[in-house]
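Visitor: Have a look at the structure that comes next, please.
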Amino acid sequence: DARVDFYTSHEVLLLNYEEAMARQVHRHWGWFNLSTHFPWIGTRTAQLDGAHVEYCSGIRNPIGLKVGPGVSTDQLLRTIDALNATNEAGRLTLITRMGAAKIEAELPKHLHAVKAEGRRVLWCCDPMHGNGETTPGGVKTRRFENIRAELEAAFDIHAACGTHLGGVHLELTGEDVTECLGSARNLTEADLARAYKSTVDPRLNYEQSLEIAMLIVRKLGTTPVAEIGAKRHAAYA
């Protein structure tokens, strides 16, 4: 059998398009967005009383919600309840994108609050979108060191808070592009013009993607909490 199961995901942004793709399907109750398996709501459209949250609350797909810095725990809990009123396991994924400079101040409070209130969610880390910057020449880029730092901190904070990081959201390519700075080859701003091919956001290249994959393997191989050390555990408890 040469068939391969694969799944697609995209941001729910253009509601005219998304609404047109909502269908009822045979043998399943409710309405489904048939343009993707896993639609997610971005930080720009995550208002509790907004149309995007209202739309996603009415479809049966598993859905994602981006959570950025500045969101209060009360706002997050109310949005969780709007999107997953029955507290169904597997329904809602929270995708945090705090940025390397803010994750240690922002993430723990949300982990504690969601856990204390018994909300059933899957936690995912997006270390890309909170670490964007623009060079003096106007080129959008990201620093590999910041991407790695946010992801590593996410693993440690989850372990210290007694929660589980269940996924990672990356933008990457198998091509040898030069869109993100740093990493083992120490790409600089001068390298950006050499192979910058993205028309939207800067992506990790092949080597940078492997470095992140190796970090994930290493973090998954450590023992939660006990291996982190008392100092870091106390900071998030």
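Cβ from N, Cα, C; glycine included.
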Visitor: So TrEMBL lists His129, Glu171 for Mn(2+); which of Asp81, Asp191, Asp201 goes with them?
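Guide: Record source TrEMBL; matching candidate: Asp201.
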Visitor: Please tell me which one of the binding-site residues listed here (His129, Glu171, Asp201) sits closest to Lys66 (phosphoenolpyruvate binding site), measuring Cα to Cα?
Guide: His129
Visitor: Around the recorded Mn(2+) site, report the further residues of that chain (criterion: Cβ within 8 Å of the mean position of the Cβ atoms of His129, Glu171, Asp201; site residues excluded), sequence-ordered.
Guide: Asp126, Met128, Gly132, Arg142, Val200, Pro202, Arg203
Visitor: Which is it, of Glu171, Asp201: the one of these binding-site residues whose Cβ has the most other Cβ atoms within 10 Å?
Guide: Glu171
Visitor: Between the binding-site residues His129, Glu171, Asp201, which lies closest to Arg97 (phosphoenolpyruvate binding site), Cα to Cα?
Guide: His129
